[in-house]
Amino acid sequence: MSDHVAGAVLVLNAGSSSLKYQLVHPDTEVVVAEGIAERIGDHDGSITHEQDGEKTTETLELPDHLTAIRRVRELFASGGIDLASAGLSAVGHRVVHGGRTFYHPTLIDDHVIGEIRRISSLAPLHNPANLTGIEAAREMLPDVPSVAVFDTAFFHGLPEAAATYAIDRGVAKLHAIRRYGFHGTSHQYVSEQVPPLLGKEPSEVHQIVLHLGNGASASAIRGGDPIDTSMGMTPLEGLVMGTRSGDIDPGVVLHLHRVVKLDADQIDALLNKNSGLKGLCGENDFRSVTERIERGDEAAKLAYDVYIHRLRRYIGAYMIDLGRVDAITFTAGVGENAAGVRADALAGLENYGIVVDPDRNAERSRTARRISTDDSAVAVLVVPTNEELAIARQAAEVVGERA
Ligand code: AMP
């Protein structure tokens, strides 16, 4: 019954209260099923599951990730797929922080779990959630190898000048405080699509990738190697995001503590959950921000302007970092869909050889495409990201190497 599943990879992305999953064939890119369990830990959890073109949503109590993953297995089973005996090649887990230890996709064993746990002090919100997904999957599918794919891995080789904070060296060293970068799976996947689109070898291409989703980050990549990225020790640094502030004077954090009397958890919540677009105008969904701007809402307009201002600042910095830029690529929810953001991010840069074609930019498409004019010296591209496929491929590769 589940023959068409043999060799597929189950990709799991466990957040603090959610579990996204996809069953995908890494070679053919065929997605067999996908879904998301949300509000794990609450009474009113829900699971949306899509298999064979049929989508179902149910609400139920999901006290923990193991309960969620067990229910997901039942949903697969009711669609004719027994995950435990279907011949999956691997379970691929997104793990947010690999610290300095992990920069390759890694087969998970007890030792690796211990190390990911140890690194959790660097990502206290993310890594423990990822671990719950890993442990739940290992318990439910003990015979399928699990592979961890780290969000930080692609940026492991950042030049020291880009990775180092200008703080006391001893403190930084002792506590592993440096810039790690995140969204690496997406930056790597998208940047690898670019050279063939330009008809060039990867080693020749200097490029900027703008991953603009609910989280957002930019990277500068020279010949396949990242030389800078906007996120730092945590995914809070850099661009303005849906709910995260991005760059902020560290003095503001001290002021919030000393004068406003917020404690660390309150400041964390303020900067991670109630800042960015949401903090500025009450909306973190970009479509809602745009709708409100169209209705004349000034807070939404300011939020948009701050977002674009920060984005252009990074583009400018990375043009200088790279010296020469062959391509600027937009990806993720906002980058792939919001033509206005793409136009505004690159407006008035004709003198730098960057010319967006308004008609190409306005075209809606799910495929990788060029939106700059034919004579624009810098190619401006839209490349849909696919982190699940990238994780599945890397997981399959690790398991294949072991076989
Ligand atoms: P992601 O994190 O990649 O799923 O991206 C989520 C963000 O993409 C949200 O802010 C969405 O509002 C935004 N988004 C999705 N579709 C569109 C669209 N058609 N136009 C503008 N923004 C969009």
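Backbone N, Cα and C define each Cβ position, glycine as well.
Marked as Mg(2+) binding site by TrEMBL: ASN13, GLU387. Close to GLU387 (Mg(2+) binding site) in the fold, though at least 6 residues off in sequence, lie ASN13, ARG94, THR185, SER186, TYR189, each with a CB less than 8 Å from its CB.
Summarising the annotation, TrEMBL assigns ATP binding site to LYS20, HIS211, LEU212, GLY213, ASN214, GLY215, ASP285, PHE286, ARG287, GLY333, VAL334, GLY335, GLU336, ASN337. Over all protein chains present, the Cβ of ASN214 (ATP binding site) has 16 other Cβ atoms lying within 10 Å.
The feature substrate binding site is assigned by TrEMBL to ARG94. A 10 Å cutoff on Cβ-Cβ distances gives ARG94 (substrate binding site) a total of 22 other Cβ atoms nearby, all chains included.
Annotation note: ASP151 (active site, proton donor/acceptor) sits in a coil segment as assigned by DSSP. Annotated active site, proton donor/acceptor per TrEMBL: ASP151, in sequence order.
Every protein chain shown contributes to the tally, and the Cβ of HIS183 (site 'Transition state stabilizer') ends up with 30 other Cβ atoms within 10 Å. Summarising the annotation, TrEMBL assigns site 'Transition state stabilizer' to HIS183 (among others).
For the recorded site, ARG244 (site 'Transition state stabilizer'), the DSSP three-state label reads coil. Annotation for ARG244 (site 'Transition state stabilizer'): spatial neighbours GLY215, PRO235, LEU236, LEU271, ASN272, SER275, GLY276, criterion Cβ-Cβ under 8 Å with sequence separation of six or more. TrEMBL lists ARG244 (among others) with the feature site 'Transition state stabilizer'.
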In whole Å, note down how far the CA of ASP285 (ATP binding site) lies from the CA of ASP151 (active site, proton donor/acceptor).
23
Based on a Cβ-to-ligand 1 distance below 6 Å, what subset of the binding-site residues ASN13, ARG94, GLU387 would you report?
none
Look at each of the recorded positions, ASP151, ASP285, GLU336, and point out the one with the fewest other Cβ atoms around it within 10 Å.
ASP285
Please state whether DSSP places VAL334 (ATP binding site) in a helix, a strand or coil.
helix
DSSP on ARG94 (substrate binding site), three-state: which is it?
strand
Reported as an integer number of Å, what is the Cα distance between GLU336 (ATP binding site) and HIS183 (site 'Transition state stabilizer')?
16
